[in-house]
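The annotation compositional bias 'Basic and acidic residues' is assigned in TrEMBL to B:723-742. TrEMBL lists B:720-761, B:775-796 with the feature region 'Disordered'. Feature annotation from TrEMBL assigns site 'Determinant of potassium dependence' to B:Ala490. Annotated transmembrane segment per TrEMBL: B:123-154, B:241-259, B:271-295, B:315-336, B:357-381, B:401-424, B:431-452, B:496-515, B:527-547, B:595-616, B:628-645, B:701-718 (among others), in sequence order.
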2 protein chains.
Amino acid sequence: MMIWMPIAMAVLGLAYMLVKKSWVMKQDAGDGKMKEISDHIYEGALAFLNAEYRLLAIFVVGASIVLAGIAFYMDSTYLIVVAFIIGAIFSAFAGNMGMKIATKTNVRTTQAAKTSLPNALKVSFGGGTVMGLGVAGLAVLGLTLFFIGFYYLFMGGEWTTTEDMTIVLEALAGFSLGAESIALFARVGGGIYTKAADVGADLAGKVQADIPEDDPRNPATIADNVGDNVGDVAGMGADLFGSYVATVLAAMVLGNYVIKDMGGAIQDAFGGIGPILLPMSIAGVGIIISLIGTLLVNISSNDAKEADVQKALNIGNWAAIAMVAAACYGLVTWMLPATMQMNFFGEGLQDISSMRVFYACLVGLVVGAGISAFTEYYTGLGSKPILKIVQQSSTGAGTNIIAGLATGMISTFSSVLLFAAAIWSSYALAGFYGVALAASAMMATTAMQLAIDAFGPIADNAGGIAEMSEQEPIVRERTDILDAVGNTTAATGKGFAIASAALTSLALFAAYVTFTGIDGINIFKAPVLAMLFVGGMVPVVFSALAMNAVGKAAMEMVNEVVRQFREIPGIMEGTGKPEYDKCVAISTKASLKEMMLPGLLTIGFPILVVLVGKLAYQDNNMLVAEMLGGYMAGVTVSGVLWAIFQNNAGGAWDNAKKSFEAGVEINGVMTYKGSEAHKAAVTGDTVGDPFKDTSGPSMNILIKLTCLIGLVIAPILGGHSNDNSHSEADPSEVRLEMKGDTSKMATTTSTTSTTESGKKIAKVQEVENTVEEIKKKANKAETTVSRAVQKGKKKE
Amino acid sequence: MMIWMPIAMAVLGLAYMLVKKSWVMKQDAGDGKMKEISDHIYEGALAFLNAEYRLLAIFVVGASIVLAGIAFYMDSTYLIVVAFIIGAIFSAFAGNMGMKIATKTNVRTTQAAKTSLPNALKVSFGGGTVMGLGVAGLAVLGLTLFFIGFYYLFMGGEWTTTEDMTIVLEALAGFSLGAESIALFARVGGGIYTKAADVGADLAGKVQADIPEDDPRNPATIADNVGDNVGDVAGMGADLFGSYVATVLAAMVLGNYVIKDMGGAIQDAFGGIGPILLPMSIAGVGIIISLIGTLLVNISSNDAKEADVQKALNIGNWAAIAMVAAACYGLVTWMLPATMQMNFFGEGLQDISSMRVFYACLVGLVVGAGISAFTEYYTGLGSKPILKIVQQSSTGAGTNIIAGLATGMISTFSSVLLFAAAIWSSYALAGFYGVALAASAMMATTAMQLAIDAFGPIADNAGGIAEMSEQEPIVRERTDILDAVGNTTAATGKGFAIASAALTSLALFAAYVTFTGIDGINIFKAPVLAMLFVGGMVPVVFSALAMNAVGKAAMEMVNEVVRQFREIPGIMEGTGKPEYDKCVAISTKASLKEMMLPGLLTIGFPILVVLVGKLAYQDNNMLVAEMLGGYMAGVTVSGVLWAIFQNNAGGAWDNAKKSFEAGVEINGVMTYKGSEAHKAAVTGDTVGDPFKDTSGPSMNILIKLTCLIGLVIAPILGGHSNDNSHSEADPSEVRLEMKGDTSKMATTTSTTSTTESGKKIAKVQEVENTVEEIKKKANKAETTVSRAVQKGKKKE
């Protein structure tokens, strides 16, 4: 009954989420002006999400038809379409729910900040907790329910063969694809929205009218606050929802292959599917652990500083990670056979103890913590790279930007080395199952991570509301403390998101190879190498499109703001009312329009690769599968690099600018806000905005979605479902039949049974046939020779 | 005697070069002030190069010891060390020669500009021609001489076996490695020098004292002009010298493999080495074609505009490309067997007509032209992307920089697709030999490209001298026309350089795989995938180091200039003399110091990959070879992307800034120099400077050198030389044996190469052992038969 455990955990998490939500909603929402502003933000965000969902509904219908076509062509199950649609709905719902609670919590945080800082943290982090538990709970609930449904539908709730399980998991991939597709548009659309509004508001406000941030006279300021919610909250939520689902799915696929490597069936206390259940169980337990983690986050002193708040968050986070490590130990040793056989490339079957799988989990936790630490080093206030950027600001915006770019670029060094080491070591420990479980362990604290992440924009919004509703300075000071911490957690959260995306993609990549049945991806084949290049290019072009979109939308925004400043009488004196809704409309329209092309690029390119490949090599599906694999690898490698580069450069510029608020020493002189150096730093931040909040975070989805699309296409190219549904023979019969052969054949069979596809059997047999022929020839030659020799001897 | 043809061509080119040089030197070098400035530049450049060469001498000694160690360990020839040293010397000599002629031509161009524009073009392009022919001539001469020497030394000047030829080519790789190592430091050191001086002079001049470019009161102005020569001339020369040599070498290696695929020996009119001689012959003929091309460059009207000058250069360039196409047709059909057998991955041996090799050459020419066209589109004055950047400058430096970055990023789209298509099609046409010959055909016009490239900085210098020596405005106007054209040719030249580097690297990559004897590079193996990530990261970190170096050195420069402005009395009034040499010294010292780390990264990382791999897999050289291959692929893919991105972003910013000189329309208002928008564009250009002249062009060398180091390490891992030197069997016997089973054997091998994975290796090896046994039997049988036949004949 372990199969129901993740659902129980998810329901528990969701129940707690509802309790927490009603607590948050019960908090005082403040007076008239505050409520009014908050309502503006809520309505703006809702308007955007509704418009976005209308558009996405069309996309989901279109994609469903394509998927149904694939299912028809493959003669596989149409249930993948159902899974896809539900996955999309769940993802949209998760984002929507997060956005709603965030926009309700912001004003309550402002109100709480009037009383004390601990209260403000409690309310804002409470909102984040609702969001985190909601997203994680929905993810585990949806995935597990579908798995159980398909498990009973296709296998009658009992282990039959790995082939049948593959069909279950292929259908389940639809759920993940649906979730990730929505995440793409939520991330990209939200990212464009938030930065178009932010950059537009900044440029218009600071440059054109010289009024401070969040000033209510700036017509773009509501749009800016809406952006925080649709980008940083809804977008991030959909992103991690997708990662969570995809990671668990990939680990399940690879768990199935462990069973395959072990001979196609195992005996355990979990109906023979322990390795498949394990990732789901880790995810389920992770929800409860995150719940406990959130309870540990609180401060008591009203005089707390940023460091204290950060410490409170860190305690919760580290406790959660430690608990996950312990839980992984328990679950792994309990659910996995003590010793497994796994097939290693070039080394054949090896015995792997369950402890090695646990070590792989630890690798994942180390990567998560490591990436966050690196991110903090490169983007944290007061760190060496930030101080260098500050120094370089003294000679103008040019040198500030060179320094920021260089910081982002050089930050790839440590993170990539860590990744490379993680890939290598987790694979060496427990094969690609180890890689996938490393990702699963890391993702187990997703709910906690999201709580920490979502708290940032809530605090940011709370500060904005305080400013706009002209509260006492102490209120803004308190929200500023929370906001500053939120900036750091936003950066480390992005590190976590990219690390999770990278590990997830690797696991999906491995699942892809096993789905297609290819032997690997050989980049020495020219078409594969060509696709590696093409794949490497896509994240770069994707980023450019996203940045251009922000630039374009921000320009529109600036023009609109300038128009309002000019045309609305008394706006600068505070007697005229700015038309906030016009700015909201501009951001909404622009972001929806501009997210199309990057989306098309992401979804269209892998399909194009397959079509071109099929045109060129009609009869060689394996080569086409390798080409797509090369493309996926290119996207992943390049995407990870560009994500780290852009996130960290953006974060570094942001905090270099922020450093001037407290004052910095440049060449021995204390320099503050308003100085020339500060202006240069502001320019750097403007460049960094789309980097860190639009194009950078979109890379996560780009690489995950690319690998997921590959996984869904995989059966067409490799044809598991195809092989099985059209095969008249019972698989067990085939195995039996193979056993009959001589010793030579026996080795063949064991190889064949570990490696799946019938194609491979054909190949090995082809080799053997050739050998047979050569043997015959040699024999013939030998006889000829001996005859000739005999003849010669006779003559002599 | 075809083997001597390339030498004859190279000598002819060098002879013409000397004639042209003496003509240039005979031109009037102007009056006292001009000469004085020119001498300053010459001395500064010479001082830098001398300091650089002293440093590099130490490096060459160290690297030679390492190479000797490798040769000792491998039991291979020490002559690779000799080739390495001579290669390094040749490369240094080529750069030095180019720099000298450039610094002598600049002042003569200024003087010629006093009389007429056609004269100024004639002189400046004459200097470029000397440089181009000198570099190309030396490259062909050196490579061919060494080849002939080794050919006679190891093979007695007669075809023996492909294994012997591999030894020849392995030794020859030393020449290429020497050339490319020097190129690395010349490119990086020169790039840092030129941009440190340029950015420093700009910032100090424009920002701090508001004096125009090239104003003689600016102490950094001489350093700036020196930089043009050591970076754009000497650096570019060493870069293309290296590309030229590496391309031809790679094509020769792959030509040897064509012979291997054809059974180990062919009969042709070129001593059986037609496919190996062909790339050298194309290079040789290319020198003469370039010579003819340069003769076609001239203008007649004194009122000519940029477009006319550009047209004159284009005529020469296109004529040269057309002639190369014709020459390739002639050479390919003449020198290659009408039909060849080539081994294609997974498809076995195929018959390839020589015409298909010719088509592959055409692919190379199309790539060269295509990349240049794309570069011009994204960076040319008046093009759509440039106008967009100009528009975005109106809202400040932030949006200008976002637009420039996005332009650079999006420009990767068309270029990468072109590359991918080129890789795929040239491979489909004629295997990796086709890829290598595509590169060779493209590189054939190197001398012409260099002449066009070198003319730009000469004209730039001439303008600087005109300004500093306070000539009539008409002189500066004329040199400005040449300078403007030079900016465009610099951008397209960079496109050519990266295209050549990419194709060269691919060819080297293919040669690497054949040298090591691995079946391919399977990125589904975790350690290989990990190295793909690491390789992808290196160009990014390399770029960051180069940019940081420029930033640091520029800051030092600014501080020095500000000090001089403050401390030297009368400097701003023109009565005090600035200390130019101090600025030159700062640039020299900084660039030499800062080029170390990127150099170490480039050379050290591939070695580190091998060491780590060897530590992990002592007994599996093949896996280590695959890991290094994955690393090489990562560097190449990421390096090409970052090169295009950085070059084009930099070029676009530069020309967006230049657009303001003639005036641009922004929102319906004509905007000129000195406007706020122009200031924003200047900031963009500052960021673009290190992009396009330091880190961007360094990518070429990074990827080429990485692949070359791989090629030199290859025998250690794969061990062809090793196999042969330790093999007791006579290679010719082996060949005979291979011939025996012909087509069937080929399919066996290819099938084996596509199947691998786990246990399969063991299985396949089992099969292979059987095949080996059969082979031995067949071999024995064959020798017995032939002996019997001979005996029989004798008796008859």
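Each residue, glycine too, has its Cβ placed from N, Cα and C.
Scored on C-beta pairs under 8 angstroms, the neighbour of the transmembrane segment (B:241-259) with the top count among B:271-295, B:595-616, B:701-718 is B:271-295. Three or more CB pairs closer than 8 A are found between the transmembrane segment (B:527-547) and the transmembrane segment (B:701-718), so contact between the two stretches is assigned (pairs 6 or more residues apart). Counting Cβ pairs closer than 8 Å and at least 6 residues apart in sequence, the transmembrane segment (B:123-154) and the transmembrane segment (B:431-452) reach three or more and so form a contact.
At the 8 Å Cβ threshold, with sequence separation of at least 6, the transmembrane segment (B:315-336) lacks contact with the transmembrane segment (B:595-616), having fewer than 3 such pairs.
Cβ contacts within 10 Å of B:Ala490 (site 'Determinant of potassium dependence'), excluding its own Cβ and spanning all protein chains shown: 26. Reduced to three states, the DSSP call for B:Ala490 (site 'Determinant of potassium dependence') is helix. Outside the transmembrane segment (B:595-616), and at least 6 residues removed from its termini, the chain residues within Cβ reach (under 8 Å) are 181, 184-185, 188-189, 192, 527, 531, 534, 538, 541-542, 545-546, 549, 623-624, 627-628, 631-632, 698, 701-702, 705-706, 709-710, 713, 716-717. Of the Cβ pairs linking the transmembrane segment (B:431-452) with the transmembrane segment (B:701-718) and spaced 6 or more residues apart, fewer than 3 are under 8 Å, so the two regions do not touch. Most Cβ pairs under 8 A with the transmembrane segment (B:496-515) among the ranges B:271-295, B:357-381, B:401-424 are made by B:357-381.
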